[in-house]
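See below for the structure under consideration.
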Amino acid sequence: MGFEDSIMQTIEYAKETLGNIDRSKLQLLALSSAGVGAVLCYLAWKQSPKTIPVGDGWWGAGEKPLTEDETIHKFVVTTSVEEIEDLHRRIDQTRFTDPLEDSRFNYGFNSNYLRRVVSYWRHQFDWEKQVKVINQYPHFKTKIEGIDVHFIHVRPVQKAGQTVLPLMMVHGWPGSFYEFYRIIPLLTKTDSDVVFEIICPSIPGYGYSDAPHKKGFNTLEAARVFHKLMERLGFTEFYVQGGDWGAFITNNMAQMKPECIRGLHLNMVIARTDSFGQLLSLVIGRYLPFLVGFTKEDVRRLYPYMEKNIFDILRETGYLHIQATKPDTAGCGLNDSPVGLAAYILEKFSSWTDLGNRDLEDGGLERKFSLDDLLTNVMIYWTTCSIIPSMRFYKENLKKDFKTRVDRVTSVYVPTGLAAFPDELLHCPRAWAGSRFTDVRSFTYMSRGGHFAALEEPLLMAQDIIQFVEKVESKDHK
């Protein structure tokens with residue numbers, strides 16, 4: 001007897017058995033089955049983790065001491081003539097390679113345009129002036145788990161009747177706290193009923209935060225460190241916002257201590273996309289989107305699926321494989337050459353803002369950004385020698401199967417606002433977001449913008465954060 005015959009025989013036997021049961025007993029059986037199913041689903045839901053472990057760590061050099069200085073110190077970014085002269089000497093010694101004809105940005109940062117950027121950097125960019133721009137907001141450092149954690153802390157201009165709410169904003173790679181400088185004024189001075197007290201930390205290993213001295217510092221460790229930072233500042237409840245690695249870290253913060261997170265706002269939506277239901281929705285969604293909860297905008301952003309979600313991602317993630325395996329090797333050259341570092345970082349600000357920029361001679365860099373802002377971000381990496389530790393963050397997070405990590409199999413239960421920018425590298429429909437976020441209060445299809453949303457489109461981003469927080473606050477206070 002074949003497998004198919006066995007299946008058919010089993011089905012026929014079940015039909016015959018059910019046919020011999022009277023109607024009242026059949027109804028009772030159906031109700032009982034439904035009840036058992038409901039109980040099993042409830043037990044599975046109840047037993048699934050609602051939080052992830054907080055844990056503890058020590059990332060300083062040597063052994064952990066018995067006590068740790070918890071003082072918060074003021075910090076001022078400084079520079080020197082020697083630092084600038086060394087930069088100029090290295091720039092002057094740069095060796096350029098001519099690009100291929102008509103290659104534009106499809107082979108990486110086009111060296112013809114790179115010469116223009118470097119000329120501006122060498123002869124017009126004023127690092128001393130930009131240091132003053134950086135210092136316009138108060139900077140601080142405090143030691144947590146053995147490393148100095150840098151952050152800016154900006155208090156709002158509060159109008160009568162406004163509620164002040166603390167908001168931590170977390171950057172990613174290859175960005176920095178400086179990404180938020182254009183959005184901070186829009187959040188600390190508003191016409192809304194809410195206004196924000198902003199805390200922007202530097203991820204350990206980035207910028208002015210110390211780099212971990214030990215292996216294993218990933219987004220879970222960063223989330224715990226940032227919780228400790230907020231506790232040290234006296235905040236028991238607060239909002240968090242993030243994109244790129246910042247999205248993962250703030251997700252983890254919400255999973256770790258949901259009682260502390262009033263709301264989570266993301267401009268990069270992270271959801272599981274490996275279930276059978278999602279695979280089925282991909283097949284059906286292009287032709288019958290309403291059956292799987294897709295909107296017309298979802299269809300426009302998702303398809304053709306292989307081109308946008310497989311081939312484009314393969315073209316844009318070569319850096320990820322390097323940084324997730326041997327970051328120190330590639331990092332040596334970047335840490336020694338300012339022009340190499342600038343090309344490596346600024347290429348991401350080109351293609352991740354809009355993949356269409358790869359077909360432009362100048363990579364479209366100055367369409368959304370000024371060279372002063374772009375080079376200031378590069379200088380934060382250059383002057384702190386932080387490119388290598390920032391690259392190591394990929395290895396620490398991807399050294400094991402990322403999909404089986406505790407945070408990837410744990411849902412997020414805090415109120416969540418999702419801003420889906422059209423030129424983000426990957427699009428996640430709201431129908432998929434529900435697989436991870438159980439309380440989505442806001443899902444916005446943003447009209448324009450890409451990966452570096454706070455720097456690209458600060459007004460749009462600020463408006464979305466404010467409307468999300470207003471929804472949370474109004475519902476929670478009803």
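Glycine residues also receive a Cβ, built from the backbone N, Cα and C atoms like all the rest.
From a predicted model like this one, the values you see are computed outputs, not experimental measurements.
Annotated in TrEMBL:
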- 72-180: domain 'Epoxide hydrolase N-terminal' (DOMAIN)
- Asp244: active site, nucleophile (ACT_SITE)
- Tyr394: active site, proton donor (ACT_SITE)
- His451: active site, proton acceptor (ACT_SITE)
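Of all the active-site residues listed (Asp244, Tyr394, His451), Tyr394 has the fewest other CB atoms within 10 A of its CB. Under DSSP, the residues of the domain 'Epoxide hydrolase N-terminal' (72-180) split into helix, strand and coil as follows: 37 helix, 26 strand, 46 coil.
Between the residue listed as 'active site, nucleophile' and the residue listed as 'active site, proton acceptor', the C-alpha separation comes to 8 Å.
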